[in-house]
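These notes concern the structure reproduced below.
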Amino acid sequence: MQQQLIERFFRYLAVTSQSNPNVPDVPSTSGQWDLAKLLAQELNELGLKEIEIDQYANVTARWQGTNPNATPIGFVAHLDTVDVSLSPNIKPQILKFSGEDLALNAEKNIWLRVSEHPEIATYRNQDIIFSDGTSVLGADNKAAIANIMTALSIIKTENRSTGDIYIAFVPDEEIGLRGAKHLDLTKFKPDFAYTIDCCECGEIVYENFNAASAEIFIQGVSAHPMSAKGILVNPILVAHDLISLFDREQTPECTDKKLGYWWIDGIEADQSQAKMHISIRDFDKTSFESRKQFIEHAVAQIQLRYPTAKLSCQITDIYGNIANTLTEDRRSIDLLFNAFDAVGVEKKILPMRGGTDGAALSAKGITTPNYFTGAHNFHSNFEFLPLSAFEKSCQITLKLIELAAK
């Protein structure tokens, strides 16, 4: 298993597939098309049915099970790697960690310092996959793709008894879950599904933020400064007054655990107009709705303060908390817990201060919790993946398939 995981992971990493938030198309980059085509070809070689690549580069397929009474389950992974201004070209390497600092790139003097990344101490004397320090590793989420493909290869080679297994590889997760939002559920129709998009060994996420965004437009009143008194309305100062209404302690840098926030993460302005972008996050549905209402009321209050200006606000829901869908059907969680117990992996249940493709799918009616790839330090050039944890993740995938067939 381990060697196949490595070979597949390295093969998928060789396809450059960073997403680009500045491109509105889905997928946002051509490399995601390249990876989608490669995976469709490999799925065909493994004998899956109903393999399709849609106009958004969503790859869907179905493993035809041998047990018609089994629960159909699904697995989802994303094609893109994140763009955090590092190299798009990933050069993986396997290093043995002996307990000392590791030179990821001697030529460029890039070192992983144990004092700065104490989490690595758990893996002393183990083989670990790193990048060369100039890029992310891309375990988020190509380790998941390798995991799923390896599991399918094993059940085929060993002729294991299974139920139907639905597969979806989707683009542009890192820039707003775009692919999952476009996924055609007539082609992906398990009873429930799983993303493999957590970090260290044992992590389980079935609770995440509710997320929305607010776009606020402010049209000021222009006037020449020599005769502006009583006329000019500076949209920059209007935006300032609007921002001042928000609680400074309810921001990302001041909150953790299950506390929600507003994040004023974008503003463009000149003497005529201003545009603001606010991200809204909260685990609790009622509090989430209250945060959206607060923004609407704040905009209305500032409009009254500046009657000759024109303010507008558009709030868009992005994804929901997976936990919102668990009130009536907990089969996905029960099966996942049973798989962890059977494989002997300690469960680390985390509320995720973010979202996954599973959040988008759960909102569309397919409950999709999330479990670990085994990697650490996502979105960093110090991202790393211990081989032992990588293998455990694939064992969980195989155990889920086995238990669903019973």
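The backbone N, Cα and C atoms fix where each Cβ goes, and this holds for glycine too.
As annotated by TrEMBL, Zn(2+) 1 binding site applies to HIS78, ASP140, ASP197. Sequence annotations record features per position, and here TrEMBL assigns active site to ASP80. Marked as Zn(2+) 2 binding site by TrEMBL: ASP140, GLU174, HIS379. Per TrEMBL, the feature active site, proton acceptor maps to GLU173. Summarising the annotation, TrEMBL assigns domain 'Peptidase M20 dimerisation' to 206-304.
Feature map: TrEMBL annotations on the structure.
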residue	record	Cβ neighbours (10 Å)
HIS78	Zn(2+) 1 binding site	29
ASP80	active site	28
ASP140	Zn(2+) 1 binding site	27
GLU173	active site, proton acceptor	26
GLU174	Zn(2+) 2 binding site	22
ASP197	Zn(2+) 1 binding site	28
HIS379	Zn(2+) 2 binding site	13
Cα distance (Å, whole number) from GLU173 (active site, proton acceptor) to HIS78 (Zn(2+) 1 binding site): 6
Nearest of the recorded positions (ASP80, ASP140, GLU173) to HIS379 (Zn(2+) 2 binding site), judged by Cα-Cα distance: ASP140
Confidence summary for the domain 'Peptidase M20 dimerisation' (206-304), mean pLDDT rounded: 97
Any further residue of that chain within 8 Å (Cβ to the Cβ centroid of ASP140, GLU174, HIS379) of the recorded Zn(2+) 2 site: THR81, VAL82, VAL84, VAL136, ASN141, PHE378
Zn(2+) 1 site, defined by HIS78, ASP140, ASP197: further same-chain residues with Cβ within 8 Å of the Cβ centre: ALA77, ASN141, ALA144, GLU173, GLU174, THR195, ILE196, THR356, ASP357, THR373, PHE378
DSSP-derived class (H/G/I helix, E/B strand, else coil) of ASP140 (Zn(2+) 1 binding site): helix
Separation of alpha carbons, ASP80 (active site) and GLU173 (active site, proton acceptor) (Å): 7
